[in-house]
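Taken straight from Swiss-Prot:
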BINDING   GLY157, VAL158, SER159, ARG160, CYS161, GLY162, LYS163, THR164  ADP binding site
Amino acid sequence: MTSTPIERAVYIVSDSTGITAETFSHSVLSQFDEVNFKPVRLPFIDTLDKAREVVARINRNALEAGVPPIVFSTLVNPEILALVRQSNGVFLDLFGTFVSHIEQALGLKSSHSIGRSHMAANSEKYRNRIDAINFSLAHDDGQFVNQLDQADVILVGVSRCGKTPTSLYLAMQYAVKAANFPLTPDDFERGALPKTIAPYRGKLFGLSIQPERLAEVRNERRPNSHYARLEQCRYEVAEAERMMRREGISWLSTTTKSIEEIATTVLQEVGLERV
């Protein structure tokens, strides 16, 4: 008999987008498998009236659940921060925890600027990300090949092994121009890389996946098809890995890895800088 997972509400409160708090909370809470966390995202809490509504919501949850919810905060405004801190939650001030120590180390006061880490609308970094996203979308699944020389990395692997989400994550998070190209049964029969990507061997990085997991994913897309049969998946995965080993292409299995882990490994293996 399996025990019922513990449930706990998690409030992610920010006076900007909340992306920083959400990313941090996800990394921390993923360490507790036995708890079913229920995230509630509350971005743009930038007035005292909004803060009072947040406090009421947190207090109501604490009363109904019988346990205090966890509150991750990247609030910068001192008044709003002080108000939300008084709620009946386990309050975690992410900026305050680190900023005060850095202020002491530098002998300086921080600017307390809301959303400073995301104010990039007109910056070169923002434009680079947009360019990378457009590139990755245009070069998804081998559909456009005329500018592969401009790619920072070309992900290769069998269909549905995770190439597209990894390409887009690299583009959105790190401004990496990531193309992706499928390895197909036709390539395995020829025993060679597709001619289109062969000249860019130095840019190639492979993704693989366990056949059983691949069959599950493919069955969601094309149920009961030859494409989704376990035998076909085993054949394609084995042939793709054999080809990557023969061609000297670094690769990893995506089966048990998060998109963040996959992307970080690609960056390290290919030698790309994080932007």
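Our numbering is plain: 1 for the first residue shown, then up by one each step along the chain.
Quick reminder: no glycine exception, Cβ is built from N, Cα and C everywhere.
Recorded features from Swiss-Prot, shown on the structure.
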residue	record	contacts (Cβ under 8 Å, 6+ apart)
GLY157	ADP binding site	LYS163, ASN180, PRO182, LEU183, GLY206, LEU207, SER208, ILE209, ALA240, TRP251
VAL158	ADP binding site	PRO182, LEU183, THR184, SER208, ILE209, LEU214, CYS233, GLU236, VAL237, ALA240
SER159	ADP binding site	PRO182, THR184, ARG218, TYR227, GLU236
ARG160	ADP binding site	ILE209, LEU214, VAL217, ARG218, ARG221
CYS161	ADP binding site	LEU207, SER208, ILE209, LEU214, THR254
GLY162	ADP binding site	LEU207, ILE209, THR254, ILE259, ILE262
THR164	ADP binding site	ASP140, ASP141, ASN180
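Taking the centre of the Cβ atoms of GLY157, VAL158, SER159, ARG160, CYS161, GLY162, LYS163, THR164 as the ADP site, the nearby residues of that chain (Cβ within 8 Å, site residues left out) are ASN180, PRO182, LEU207, ILE209, THR254. All chains included, 28 other C-beta atoms sit within 10 angstroms of the C-beta of LYS163 (ADP binding site).
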